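Asks: Would you mind keeping the following structure in view while I ask a few things?
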Amino acid sequence: MSELLSKAEELDAADPLAELRHRFVLDDTVYLDGNSLGALPAVVPDRIADVVRRQWGELRIRSWEESGWWTAPERIGDRIAPLVGAAPGRIVVGDSTSVNVFKALVAAVRMARARAAGGTARDEIVVDATTFPTDGYIARSAARMTGCTLRPVTPAEVPGALTDRTAVVLLNHVDYRTGRLHDLPGLTAAVHGAGAYAVWDLCHSAGALPVGLDEHGVDLAVGCTYKYLNGGPGSPAYLYVRQDLQPRFDSPLPGWNSHAEPFGMSPDYTPAAGAPRARVGTPDILSMLALEAALDVWDGVPVEAVRTKSLALTDFFLECVTAYVPDGRVESLTPAAHAERGSQVALRCTSADAGDVMRRLVASGVVGDFRRPDVLRFGFAPLYVGFGDTERAARVLAEVLVT
Ligand SMILES: *Cc1c(COP(=O)(O)O)cnc(C)c1O
């Protein structure tokens with residue numbers, strides 16, 4: 001047996017999270033795409049069957065009250081809260097990440113202007129130039145709608161780009177392509193120093209590492225739930241609003257679900273108190289309750305332990321790739337420093353067509369994904385990926401690259 005194979009066995013045997021894999025529906029495939037679509041938690045199918053057959057089929061309209069449908073966005077927000085370092089009452093679940101980016105950015109510009117009334121114009125939105133495209137598209141539209149200028153800069157350039165005209169800065173906690181972890185505490189403090197608001201996109205960090213939203217004074221944050229939170233395809237996203245900002249949160253999509261008295265059916269709009277004022281319309285209950293069931297896998301799991309395992313997995317993967325893959329075939333885009341690494345490894349494929357390499361990997365039972373033009377992405381979801389999986393992935397990658 002190779003040295004790395006026995007090392008993988010030792011690491012798996014000592015892994016305090018190893019048992020969590022049984023909470024998921026998995027097979028022999030090495031699934032390293034949980035940063036795109038998390039695996040299915042085993043409790044979800046029966047829970048959804050109950051929601052459909054009993055809650056919908058038998059209780060029908062009564063379920064809005066009796067099955068807790070109406071309050072699901074806040075209730076499930078409170079389940080996500082401990083995973084991102086938020087107290088209860090700060091998060092609502094609903095809509096897509098894209099829609100929540102829109103709500104957060106426009107609300108932040110409005111709040112920045114209300115605060116600056118009479119002072120300098122707050123007419124600039126700063127956005128991470130390397131962002132996942134949807135965030136950039138939405139930021140551009142939000143800028144057009146609010147009469148702001150859009151300023152795309154890299155996260156490292158943000159402190160130097162801030163001025164007294166900056167209204168809001170939209171940043172990614174972890175870069176979706178390279179897996180680079182950005183300095184959320186430091187950048188948030190810099191944004192606040194310029195009198196602006198910070199909106200963080202947590203799509204690639206929540207469920208993989210501690211975020212500390214309350215601790216670091218983050219203003220607004222958004223994230224999806226179908227990656228490391230395993231909510232299922234298209235499961236609803238979430239929006240965090242810092243507690244002291246909630247009374248000033250001025251939503252650009254003030255639907256009836258965000259009204260103080262939604263069933264008052266008043267023609268006049270009065271926003272609800274607290275996080276529910278970030279709601280819009282009727283929640284998508286089936287997806288939402290699948291997510292609620294999926295969050296059971298986190299019961300008793302400390303996020304710090306998840307982070308420790310995540311770093312050990314990505315370290316071990318890089319070690320195996322270095323040992324198995326001939327020099328010059330791939331190059332890691334993921335930072336070596338732990339403080340700058342999320343929970344994925346991105347390898348630039350220098351020697352072959354990366355799309356073809358990934359297709360062959362998938363056919364050989366190792367599922368990662370490909371991002372144009374030449375990046376192989378491997379996501380390590382610490383709740384169900386083990387060290388044996390990690391060694392096998394690197395070994396199969398080497399085989400694919402040399403044949
Ligand atoms: C996955 C992801 C999204 C997805 O947005 P949707 O509206 O849910 O499709 C947005 N932003 C980032 C950074 C992502 O990684």
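Cβ atoms are placed via backbone N, Cα and C, with glycine included.
The following feature annotations were taken from TrEMBL:
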BINDING   Thr97, Ser98, Phe132, Pro133, Thr134, Asp135, Asp201, His204, Tyr226, Trp256, Thr282  pyridoxal 5'-phosphate binding site
MOD_RES   Lys227  N6-(pyridoxal phosphate)lysine
Asks: Of Thr97, Thr134, Asp201, Tyr226, Thr282, which binding-site residues come close to ligand 1, meaning Cβ under 6 Å from one of its atoms?
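Replies: Only Thr97, Thr134, Asp201 qualify.
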Asks: Given a separation of at least six residues and a C-beta threshold under 8 Å, show me what packs close to Thr134 (pyridoxal 5'-phosphate binding site) in the same chain.
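Replies: Correct list: Thr97, Ser98, Val101.
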Asks: Are there any residues at least 6 positions away along the chain from Thr282 (pyridoxal 5'-phosphate binding site) with a Cβ closer than 8 Å to its Cβ? List them or say none.
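Replies: Listed in sequence order: Asn257.
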Asks: What does the structure give for the C-alpha distance between Asp201 (pyridoxal 5'-phosphate binding site) and Lys227 (N6-(pyridoxal phosphate)lysine)? Integer Å is fine.
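Replies: That comes out at 13 Å between the alpha carbons.
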Asks: If H, G and I count as helix, E and B as strand, and all else as coil, what does DSSP give for Asp201 (pyridoxal 5'-phosphate binding site)?
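Replies: In three-state terms, Asp201 (pyridoxal 5'-phosphate binding site) counts as strand.
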Asks: Greatest CA-CA distance (Å) over the residues Thr97, Ser98, Phe132, Pro133, Thr134, Asp135, Asp201, His204, Tyr226, Trp256, Thr282 that the record ties to pyridoxal 5'-phosphate?
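Replies: This binding site's residues have a maximal Cα-Cα distance of 31 Å.
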Asks: Which has the fewest other CB atoms in a 10 Å radius around its CB: Phe132, Tyr226, the listed binding-site residues?
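Replies: Checked Phe132, Tyr226; of these binding-site residues, fewest Cβ neighbours within 10 Å: Phe132.
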Asks: Going by DSSP, give the three-state secondary structure for Lys227 (N6-(pyridoxal phosphate)lysine).
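Replies: Note: Lys227 (N6-(pyridoxal phosphate)lysine) is coil by DSSP, not helix or strand.
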Asks: Any same-chain residues 6+ apart from Lys227 (N6-(pyridoxal phosphate)lysine) with CB under 8 Å of its CB? Would you list them in sequence order, or say none?
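Replies: For Lys227 (N6-(pyridoxal phosphate)lysine), the qualifying residues are Gly34, Asn35, Ser36, Leu37, Gly38, Cys203, His204, Gly207, Gly379.
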Asks: Ranking the binding-site residues Thr97, Asp201 by other Cβ atoms within 10 Å, which is at the bottom?
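Replies: Comparing Cβ neighbours within 10 Å for the binding-site residues Thr97, Asp201, Thr97 has the fewest.
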